[in-house]
Amino acid sequence: MNERLIVALDVHNIDTARNILDELDGIVSFYKIGMQLFTKFGPDIVEEVKRRGNRVFLDLKFHDIPNTVANAVYSAVDIGVDLLTIHTLGGFEMMEQAMKAALDGEDKKLRIVGVTMLTSLSDAFLKDILQVYDKSINDMVLILAKAAKSAGLDGVVASSFETRKIKEACGSNFLVVTPGIRPIGNDPFDQVRVATPEQAIKNGSDYLVVGRPIIKADDRAKAAMDIVEQMKRGAE
């Protein structure tokens with residue numbers, strides 16, 4: 001179950017990132033590198049995480065014209081990224097070109113998942129900002145997941161609450177990567193659609209992305225192990 005836990009290295013200091021890697025060595029082997037860390041340290045931080053024998057989830061949510069995104073995917077392949085995010089709202093052609101870039105090699109190692117609706121958004125966003133009154137966030141997630149599947153993506157990023165419907169619509173092998181994971185009693189911070197590790201695994205999520213409940217913990221190793229135990233209960 002440990003391999004299904006992705007720890008988000010959402011820190012701004014390279015020494016803090018290294019401390020997390022040291023403290024979680026042997027417990028966690030998959031790390032998310034997002035905008036905060038990558039903007040400051042670039043490919044070097046990817047290389048360091050990989051050099052320690054870990055996998056890298058590069059969460060930069062590419063969203064641009066198809067050619068630009070495809071070229072960015074080529075770069076991600078070159079630096080050894082294992083999992084990458086792009087925005088499904090970038091359109092079918094953008095997603096399709098991204099997958100072609102990921103597949104352009106003898107051995108496909110990079111998997112791409114599409115970002116549907118951020119877990120910080122609620123139905124009020126659709127109504128108040130987009131003026132969409134006949135769809136819920138859950139509806140939009142499913143629509144975008146189906147589009148991602150049609151474009152050839154490996155899966156999507158979605159909250160635990162949409163996982164079952166996504167699996168039913170797109171197949172059991174279609175990956176669902178779930179952020180917004182909070183153990184019981186943890187502050188949800190800026191996340192809206194949150195779930196416990198046990199709930200997320202029960203609902204069928206393939207990977208759980210956890211940041212602050214681990215990286216802000218006094219004992220990071222214990223926090224990670226506790227989450228793995230909760231994930232195991234969800235699989236029973």
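Cβ atoms are placed via backbone N, Cα and C, with glycine included.
Sequence annotations record features per position, and here TrEMBL assigns domain 'Orotidine 5'-phosphate decarboxylase' to 4-227.
According to TrEMBL, the feature substrate binding site maps to Asp10, Lys32, 59-68, Thr119, Arg182, Gln191, 211-212. On its own chain, Asp64 (active site, for OMPdecase activity) has Ala72, Gly90, Met94 as residues at least 6 apart in sequence with a Cβ closer than 8 Å to its own Cβ. In this structure, Asp64 (active site, for OMPdecase activity) belongs to neither helix nor strand by DSSP; it is coil.
The Cβ of Asp59 (active site, for OMPdecase activity) lies under 8 Å from the Cβ of Ala8, Lys32, Ile33, Gly34, Met35, Leu84, Thr85, each of which sits 6+ residues away along the same chain. Under the heading active site, for OMPdecase activity, TrEMBL lists Asp59 (among others).
Per TrEMBL, active site, for OMPdecase activity is recorded for Lys61 (among others). Lys61 (active site, for OMPdecase activity): 17 other CB atoms within 10 A of its CB, across all protein chains.
The active site, proton donor annotation in TrEMBL covers Lys61.
Here TrEMBL flags Asp64 (among others) as active site, for OMPdecase activity.
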For Thr119 (substrate binding site), what is the tally of other C-beta atoms lying within 10 angstroms of its C-beta?
24
Return the residues near Leu60 (substrate binding site) by Cβ distance under 8 Å, restricted to its own chain and a separation of at least 6 in sequence.
Gly34, Met35, Phe38, Ala72, Leu84, Thr85
According to DSSP, which kind of secondary structure is Thr119 (substrate binding site) found in, if we only use helix, strand and coil?
coil
Pro66 (substrate binding site), number of other Cβ atoms within 10 Å:
18
Across all chains shown, how many C-beta atoms besides its own are within 10 angstroms of the C-beta of His63 (substrate binding site)?
16
